[in-house]
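J.: Quick one: the structure is below, and I'll ask about it shortly.
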Amino acid sequence: MLACEMLVALSLVAAATACLAQSPFTSPVEAPRLFSRASGCSVSGQASCHNTTVQNTCCFESPGGLLLQTQFWDTDPSTGPSDSWTIHGLWPDNCDETFESSCDPSRAYTDISKLLTSAGASDTLSFMETNWVDINGDDESFWEHEWSKHGTCMSTLEPSCFEDYSTGDEAVAFFNTVVKLFKTLPTFTFLSNQGITPSTSKTFTYASLTSALQTENSVIPALSCDGSTLNAISWYFNLKGSIVDGTFVPIDAPSKGSCPSSGIKYPPKSGSSSPTTTSGGSTPTNSGDLPSKATITALRSSGSSTGGLLSAGTWSTQTLATYTLSGTVSSFTLKSSKGNCGVSSGQFSCGSGVSSSTFSATTSGENLLLSFGGSTVFSSDAVPSGETQETVFTDLIILGEPFVSYRLRSDAQIPQEVLKLLTDTSEQGHFISVTRTTEEISIVCSLSGESVADIPKDAAYWKCIKIRGPLPFGMTGIMCDFTTPLKHAGISIFALSTWDTDYVLIPEAQANDAVKALEEDGWKFVSRQQDVA
């Protein structure tokens, strides 16, 4: 039997930074598509830090009503896109600039990725994997730290503030809000719009930097430096309503940051002296260049694009993960938020215990295709839909046992040997199909293991190609895509379908021709356990 799967090419698409227009009053949460949570709080009352008494801390952030959206500009080593600052966190300082921290150790959640995914916040997680990254590569620990140190001190995120509360709901709301608020604060764009871009030679004054940012965003942030090198920014807010869906009111920083008044360096991120902005879904300007960050989309043999890879290396139509690429087009490694990516026993995966494999990239038209072992063809048992995830393989399996088909009159008795194969569980590895209609009885079976006795002399002998499933019923064109190259090669077929899987029988004498025709059409057969002929 020939085992064949749905095949894809994996296209590397340079990761882009999302920038949203913003207004003086910013409400970052409109009710996330995948995690719908409303606080029920009004946003028409007083802003935090402008009160005399507090009636309801579920709808009024207190005592941490001075909120800082903090960002990093990491250059050595660099983190995140070359044309974007990255998220540090959202901090609830007290109104006098003191702060509380790590307020509830019982809610110091771990495995933030799983928490977000389980809550349907995959969009948020995907953005975090590119834009909320740890300088030492341990994103999970970084996210856990920001939540446990700062998020647990937010009064409007207390579990008692949530209806129908489930463990971790408040943390999901925290990360959703931080991401959405950050998207309204594209610091890199603010500066570049005013003619200030990273440089290896220029220096800037504190006043010129804050003036440029104020021109773009109406308020003055605080700038922090490592020595004289700019490396962080804090945007300040008061809040009307809840962290979940309240309105963030921008304010001037109450005090200056740590940068000196002059001689401030704003260097480019390492390896990227001239940042290039790409729009979502586009390929790099030069498709032969290897991006440092990329999503991996799946290109079907038909030329259409269907989803791509998540952080564990699985194929899905959900929000794609952002991968880090290290090396050159001819030799590089891949890493996601889950860990290193590699191929083992023909399976692609990413994780903390995965050994890195070496990949290359091949330009095909406007696409930069992922290649492993010289091949750009990858496979899966099925095409994903909804929230399903499919394992990605780098090879196909070919088996070689012969198949036989024959027919009996419609009123004939089904042979006992056939009935035994149908009912005996010890024969579960044997393939057999029996179809009875008003015109005939059709029997198809493999000849591996125990053979069926008394096979008629006019029986036909075949090789079997299995189109691996399960395949969803709503999928169309699978058999057409698969059998069209066989038709053009003049190869006759006998097709069978079960609940999950399609089978195509090829005359034994034409088996090698069939494999050749399918390989030329983009289907790939490797790891042959037996000869086809």
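Glycine residues also receive a Cβ, built from the backbone N, Cα and C atoms like all the rest.
Residues or ranges marked as active site by TrEMBL: HIS88, GLU146, HIS150. Annotated compositional bias 'Low complexity' per TrEMBL: 260-288, in sequence order. According to TrEMBL, the feature domain 'RNase T2-like C-terminal' maps to 291-395. Annotation comment: TrEMBL describes 462-520 as domain 'CASTOR ACT'. The region 'Disordered' feature in TrEMBL is assigned to 257-293. Residues or ranges marked as signal peptide by TrEMBL: 1-21.
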J.: Going by DSSP assignments with H, G and I as helix and E and B as strand, what are the residue counts for the domain 'RNase T2-like C-terminal' (291-395)?
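T.: Grouping H, G, I as helix and E, B as strand yields 0 helix, 57 strand, 48 coil.
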J.: From the Cα of HIS88 (active site) across to the Cα of HIS150 (active site), what is the distance in angstrom?
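T.: Approximately 11 Å lies between the Cα of HIS150 (active site) and that of HIS88 (active site).
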J.: If you count other C-beta atoms within 10 angstroms, which of the active-site residues HIS88, HIS150 is the most crowded?
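T.: Checking each of HIS88, HIS150, the winner is HIS150.
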J.: Taking only the residues in the domain 'CASTOR ACT' (462-520), give me the average pLDDT of this model.
T.: 73
J.: Should HIS150 (active site) be counted as helix, strand, or coil on the basis of DSSP?
T.: coil
J.: About how far apart, in whole Å, are the alpha carbons (Cα) of HIS88 (active site) and GLU146 (active site)?
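T.: Just about 8 Å between their Cα atoms.
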J.: Run through the Cβ atoms and count how many others sit within 10 Å of the one on GLU146 (active site).
T.: 21
J.: Under DSSP, is HIS88 (active site) helix, strand or coil?
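T.: DSSP assigns HIS88 (active site) to strand.
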